[in-house]
């Protein structure tokens, strides 16, 4: 992974849980770093999310702190106290405004973040050696089974800029705005308002198009930081040279990160891509795709390697979007199994069975009504999901 | 179970699947029997559902045919042909209009109902001995693990009237209008329009308040038949003597049947009652309740006997309904675990743990905003659900 000039990373052990691993991430940014972000639409969001929203208005960031093991959600004024203590401590250390400090926490809901552990952890982080992106990706994780990162680069005029992303999340994934905790870093110079515009656009067709279990987290946050250290002419709109290339690279990193979250979905054995075409609009296609992707019956059928396309018909029908049973077509991999509302007579099950035995499943659904299309991604629903979630807190 | 005068029941083996059990139910009604019904809102509904809706306009029924093992959904014109052949055969046998014959089918989606098997099965049923309600409940079932029936009676003036209900269903349960296949029979004399009004009202707080897996079936149908053989003064509105008592008994049967479906939810080990109070309206309370009841994370926590109320907060927050994190209160059984947005300090976990080890789980959620309330019912999400549904079609 390339380094991002202007972003200095450190990790430490705050010991938010009974474990002996790093669980506090601290990243310092160069003065003038632009920041953009999208956060959960869950009404019962955490104090961290509220503070992020407030601080995003300023558009500038000097530091990011991520706590793993305790989400600090639903902890009322005591949770808020802990987050404000963290921002004060970092602001004093850096000599910056508290509103330039961004904090995220992830883990169990309903237990106030212990302020003393956070303070001691931060102090340790201030004195720690600079670490790698791998260390950051490891430290922000909780039930994740592997560290998740992605990169891309773009030419902005004559300047090559780098983009790095790290993300955590494997359950409680049905982003309605963002997903779990994701962080994107670039050395490009980008105006905050334009960075925000680009992040919102990328978010719509990446993080907002994945689902593991239809449950939307109270802590979902994706933040993008642009340090400007690449010294390109700052990007402020799509009229600027290199803006398209940068937007495309940013989208690429978001898509990679979103896919990694699905691949690490709790209990997931298969990665499922659902392409919906022929809907009345792109948004309608996305809703139909998510109805299929969230159907426990579709997800268990894929887990069982069963071409039970009847359950896909059911999911299309319950999506609440325009559809016509007698125009619907469905395929697995490259094989059509239903055309215009009828099973394909005597179709060869061999390629379908072979496709379903793989780990990358493609489902095609044509609604037959218009030109709206969308692709969404999910994973299968297995015994592993039940085992992980029936025994998480204890 | 009491008999219903004017309803004559027979079952037969159509052998829709490779099994040696009765799978075709045939019930004849006395001339003039009133009928009412509610059907699925799934857009991709079956031909049976379409025909039911058409025939309900007449308000009168002479026969009901229920096929088990094949839902005939998503089978296009061939599926429609089979249903029309059945109504013609019954109409010829009884000398009635084809529009007085109601047909339902349940089972795998996408395989046209074999017309020859239906015809032979019906012929066998015409010649079979009259059977019991237990036989009917057994014959309409598919993945159900027990036969489901309910009864109630009411005094209409000086006349005692009986109500019997049977139902099938254990997966693909998230009724948006009705649930799976349910049939209610009464000897009361009730005008079709009033019967329809009563059924819609009962449906709203019974079948439409249960969920097993958030998936809405393409075949959901509940029909109510009133033979009039009790010879009460026909009920036509709530102004009639006995109408309240009859409505209450009908509601009671619907509630019993709805609960039986949840208790037989695929893989279910626990019956969960979720009471939502303090919402801005009753409908808002119902939506919040269903968001909790459909959350895989809440359902797996209950399966694991884990008082993980943080997941309930998450589900309230994602419901899309007005809520305020800092007014939210949650209880398990009789024990409050969170009050006004904060965990109850040092609450005794003993009664909560004991409650969660039982088979009847009560979750109370107060939103703290208004006086809207609703109760919904669901079951836990277990390894059994995965096992049943990862290997259903094969």
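A Cβ is built for glycine as well, from the same backbone N, Cα and C atoms used for every other residue.
Annotated features in TrEMBL:
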ACT_SITE  B:179  active site, nucleophile
BINDING   B:142, B:168, B:179, B:266, B:389, B:394  substrate binding site
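A map of TrEMBL features onto the structure.
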residue: B:142; record: substrate binding site; CB count, 10 Å: 21
residue: B:168; record: substrate binding site; CB count, 10 Å: 27
residue: B:266; record: substrate binding site; CB count, 10 Å: 27
residue: B:389; record: substrate binding site; CB count, 10 Å: 28
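Here the binding-site residues are B:142, B:168, B:266, and none sits under 8 angstroms from chain A, going by CB atoms.
DSSP classifies residue B:142 (substrate binding site) as coil under the three-state reduction. Under DSSP, residue B:389 (substrate binding site) is assigned to a helix (H, G or I) in the three-state scheme. DSSP assigns residue B:266 (substrate binding site) to coil, not to a helix or a strand.
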